[in-house]
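If you check TrEMBL, you get these features:
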{"type": "DOMAIN", "residues": "B:139-443", "note": "domain 'NADH:quinone oxidoreductase/Mrp antiporter transmembrane'"}
{"type": "TRANSMEM", "residues": "B:31-51", "note": "transmembrane segment"}
{"type": "TRANSMEM", "residues": "B:83-103", "note": "transmembrane segment"}
{"type": "TRANSMEM", "residues": "B:123-149", "note": "transmembrane segment"}
{"type": "TRANSMEM", "residues": "B:186-208", "note": "transmembrane segment"}
{"type": "TRANSMEM", "residues": "B:234-255", "note": "transmembrane segment"}
{"type": "TRANSMEM", "residues": "B:297-319", "note": "transmembrane segment"}
{"type": "TRANSMEM", "residues": "B:326-345", "note": "transmembrane segment"}
{"type": "TRANSMEM", "residues": "B:357-375", "note": "transmembrane segment"}
{"type": "TRANSMEM", "residues": "B:395-418", "note": "transmembrane segment"}
{"type": "TRANSMEM", "residues": "B:430-452", "note": "transmembrane segment"}
{"type": "TRANSMEM", "residues": "B:472-491", "note": "transmembrane segment"}
Amino acid sequence: MENLIALLVAAPLLGAVVLLCGGRRLDAVGHWIGTALAACSFVIGVVLFVDMLGKDAEHRALMQHLFSWIPVEGFQADVAFQLDQLSMTFVLLISGVGSLIHVYSIGYMEHDERRRRFFGYLNLFLAAMLMLVLADNYLLLYVGWEGVGLASYLLIGFWQHKPSAATAAKKAFLVNRVGDMGLSIAIMLMFTTFGTFAFGPVLEATGETSEGKLTAIALMLLLAACGKSAQVPLQSWLGDAMEGPTPVSALIHAATMVTAGVYLIVRSGEIFNAAPDAQLVVTVVGAVTLLFGAIVGCAKDDIKKALAGSTMSQIGYMILAAGLGPIGYVFAIMHLVTHGFFKAGLFLGAGSVMHGMNDEVDMRKYGGLRTYMPVTFVTFGLGYLAIIGFPGLSGFFSKDKIIEAAFAKGGTEGWILGGVALLGAAITAYYMTRVMLMTFFGEKRWQPDENGNEPHPHESPRSMTIPMIVLAFGSVFAGGIFAIGDRFLHWLEPVTEHAHGHPPVSALTVTLATMVVLVIGAGTAYVQYGRRPMPVVAPRGSLLTRAARRDLLQDDFNHVVLVRGGEHLTRSLVYVDHTLVDGVVNGTAASMGGLSGRLRKLQNGYARSYAVSMFGGVAILIAATLLMRAV
Amino acid sequence: MSFPLLTATAALPALGAIATAAVPAARRTMAKWLALIVSLATLVLAAIVLVRFDPAGDRYQLTESRAWIADFGVRYELGVDGIAVALIALTALLIPFVILAGWHDADPLETGNTRWRPTQGFFALILAVEAMVIISFEATDVFLFYIFFEAMLIPMYFLIGGFGDRAHEHGEETASTQRSYAAVKFLLYNLVGGLIMLAAVIGLYVVAGNFSLTEIAEARANGSLDMATNTERWLFLGFFFAFAVKAPLWPLHTWLPNAMGEATTPVAVLITAVVDKVGTFAMLRFCLQLFPEASKWATPVILVLALISIIYGALLAVGQRDIKRLVAYASISHFGFIILGIFAMTSQGQSGATLYMVNHGISTAALMLVAGFLISRRGSRLIADYGGVQKVAPVLAGTFLIGGLATLSLPGLAPFVSEFLVLVGTYARYPVVGIIATFGIVLAALYVLVLYQRTMTGPVKPEVAEMPDLRVRELVVVTPLIVLLIFLGVYPKPLTDIVNPAVKQTMSDVQKKDPQPEVEAAK
Amino acid sequence: MNPVNYLYLAALLFTIGATGVLIRRNAIVVFMCVELMLNACNLAFVTFSRMHGNLDGQVIAFFTMVVAAAEVVVGLAIIVSLFRSRHSASVDDASLMKL
């Protein structure tokens, strides 16, 4: 069975190679090849899953050692895979949602002449992402980690002729690189501390080193997670990443890649458990991002950017849960999976709306679309109910558990974190209701563009609606299936450990409080957006709204401090290199020339002046000789 | 005595150079094919060297030794260790691509003049450089090494000064002035370095009585040759200075951007991918082996200079407006990594540095040669003159991106393996240095992606709208390099197997042991 | 008479000759001053020979006279040809030996 693991990665990788090197010949069938290989990965995943279910809970992990990767004195890096319950969860999510989005893209990218290449990139992404979650050591994980970064770069910038897309792609890669630096340093720290960076040996040996070392490793891992999962302070790339085609936003920037940071933290649980200071930082980062993303999501008029803010905020929940330690790991992953379903569904719905609206993204120019796109409306609506945590739907179960766990952290911290999580739930209900109302309800607000083309909203083709329907099913039922009877908990427990927290308030109280804030949030949105007509041009808004529209000024900060500062630095360094470093050398040459020019003047051609210098020289010599004698 | 394989590997391109130069003026194409065939034959010989080399065997293998200048104890001594084998293979591998990439670079502008034979000269000079580089890697006699280390400058000087890009934004006259400036600068820098090294070579002879690397190293190791601390330091500095100019290490780097900018792209590849490697190789082979104590003494300063090179080179690369100069500054940053790895004095660092030399050669060749194809299409080296190329020439853009990704050390491509080894090796002994060097990977992403964005993406500029995609000849050049980059990134074991024993030897020369992991040290 | 006085005389003559070489412009006069310096040296040599009681100094003095005679031949020839080409015997007019 374990020999199948490599095939999980190999199938989409093969797809990427064939599609990217195959040339125009494959244009006609490229999307089918890509989709088939993604589905192939999913089928293998299901086979392995069924096999795994048949085994004892403690003996489910499979290992596959392929070959020795970098054998150097004292340094052993292998290409080896590990498939345990945690990886399995991700494999099914990635290949499952991935396959659905492949299907969706067949319709969505139908009119794009570079569709074959798009599928090549998608396959490349799947291969890298699967490698990330299957690796049995941090260095191989790093390969997947940067591989998904590359795929994300290529896909965000897929429409490279748009300068904004190219810039967004570059920005995403660069911000991620800052995070990757953290991962590099963490691996180096592990190497010098443990002499290895394979999961097994490192995580077993955490007891043998100091807490300070572990805190350093944990913080570096957190930096990496911040980059990949768009957490404050490295969150700025995610909004811009919406320049990519919508299926990409759904797959990479909502369901899978951006959750890699959560995977990393949960996978390294033993390290974090032994470093409480680092855990505290993790929870703070999660809590801050949770609010940050939610606030940004409230102000955006671009449907995808509003959803991006929401993604950021939901991952904030997961990071927060992961920072809580054993009481939160399982719920972080559970929320991650349910979020994968409903957020992917929401994005696909947004894509479907854009598909029918001539790629318009401004929600102020939508309105009343529910009658034009019934399937999209229903699936999007179910996703909406799931994300705000409507009782009985997926989000309800997973988010509720996280809020509970946050309170269970105990002490003042517990109250603060729990309060923030509750507040986040209220804002989530608010901005999602806003998106829903602006898009599907109210009057139609679209107008012909300057060329006189008026959008004709219509339902999307079958290839697009079927994945949306499947995901909507997931949004509705996944949470219940996981949570009832603690199935998910028992499934993951052998890998991630689980501790039952002791919340200061009863679970029922938390649930009720969540319901209350939900109603408040959704109600406020209804009062603001549902009952009065929506202006097509955004009003000026309060100071906070304006700041939130600009991503709470973080981009402005980056621009002024990093971009401008960097430009000045490089420009002055170019100047320094030219004038100073090069100048010293050229200056030496020039002063040599100048000196010899001066000395040349002594050679004036007058015999008598030569005679004077001769006499002078002789006189000095004699004087020197006499002096030496005297001494 | 068995067949002198090493001599043959160096002599073949040398003879090929003479033969190519002698081809009549009218038979230009014949000269090109002759040069290509000779370089391929050299590649075959290098492959035989690679196969015959036994990683588990003696330190120096395939040795040859003949008396040469008996009065001064100079011998013609050749021998290769794992590091040298890897670099000879790299050199022999790259030259055919350099020749193929420069296929039309030296075609005469007017064909009427029958006495003027630039094509023959161009390819003959390339082969001459190849011969000298290979013998520098093989020489185990310090004097022999010195001669070819210096002689290399002569063909390089003519290659830089004599041949430039066909089209130039400022007209042929300015181009020619800038070219000769670059060539003279290259020559002067390296000559100064070489002269200081000559003094040190003579000093070494005075102290040791002969020039044989193996004998001196052995005598130093068993204590029969005692050097005063100061003598050793001065001699070390003499050698190191020359290698630091060649490598080039900050602040001795300013000749490289000029030389790489003005030379034709194949020659620029020759400089950075092949010739400069002699400098870093010689640090490993001569500085560490002959002067282990002084090397350790100088380590702190060298590490700081290497660190400055890494960050400074990368920052300057970000600020460049000229594609070729950008690659040149990126190379300065990469050479910083190589030197860092050598002087970190850990197994990982030195293995990484050696792999880095090979991988940097391949990745820079890939990036630079594609950049050259791009430049030859538009006739400008300025980044601002491009835009939207990927729309009209997707294969060109794709290969350019892969070359760029290799330069920024993307995992899965060969340079990642070496860069990570260098970083880990450095971090193990000098954590702060390791962490600062890690900033280099962010800056590398910056300069590569900015370059890609400005040239390849965005709206198509009218000047590039008609740009043809890569031709067959160009694909033949680029494809093998990319395949190799991926192969060595996924499976570098063949290379590490050869390099590891040699690194182990060097580590024992300097009498350094790898730092123990904390957990094991505690046990 | 004290032989040291001859040395004083020689020094005086040498100084006169040297001054003449440095301040006079006429090539002939400069030339004569050079001869004066040579002869001052000869005088010193002979004096030293006498003081030390061996013949080395006198041998050198003869040698100097022979060289001086040869030098006069060459030197006068140069001055004459210079005068012919430049119509002047001033040493400053022949200032071509410069960069």
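Cβ coordinates come from backbone N, Cα and C, glycine included.
Counting residues 6+ beyond its ends, the transmembrane segment (B:472-491) has Cβ neighbours under 8 Å at 93, 97, 100-101, 103, 358-359, 362-363, 365-366, 369-370, 373, 395, 399, 402-403, 406, 411-417 in the same chain. Distant neighbours of the transmembrane segment (B:297-319): 233, 236-237, 240, 244, 249-251, 253, 326-327, 329-337, 339-340, 343-345, 426, 430, 433, 436-437, 439-440, 443-444, 446-447, 450; these residues of the same chain sit at least 6 beyond its ends, with a Cβ under 8 Å from one of its Cβ atoms. In terms of C-beta pairs under 8 Å, the stretch of B:83-103, B:234-255, B:326-345, B:430-452 lying closest in packing to the transmembrane segment (B:357-375) is B:83-103. Residues 303, 307, 310-311, 314-315, 317-318, 320, 323, 326, 329-330, 333, 336-337, 340, 344, 383, 400-401, 404-405, 407-409, 419, 422-424 of the same chain, all 6+ positions outside the transmembrane segment (B:430-452), place their C-beta atoms under 8 angstroms from a C-beta of that stretch. Sequence-distant contacts of the transmembrane segment (B:83-103) (same chain, six or more residues past either end, CB-CB distance under 8 Å): 9, 13, 32, 35-36, 39-40, 42-43, 45-47, 49-50, 53, 122-123, 126-127, 130, 133-134, 137-138, 264-267, 269-270, 273-274, 277, 281, 284-285, 354, 357-358, 361-362, 365, 369, 372-373, 473-474, 476-477, 480-481, 484, 495, 498-499, 502-503.
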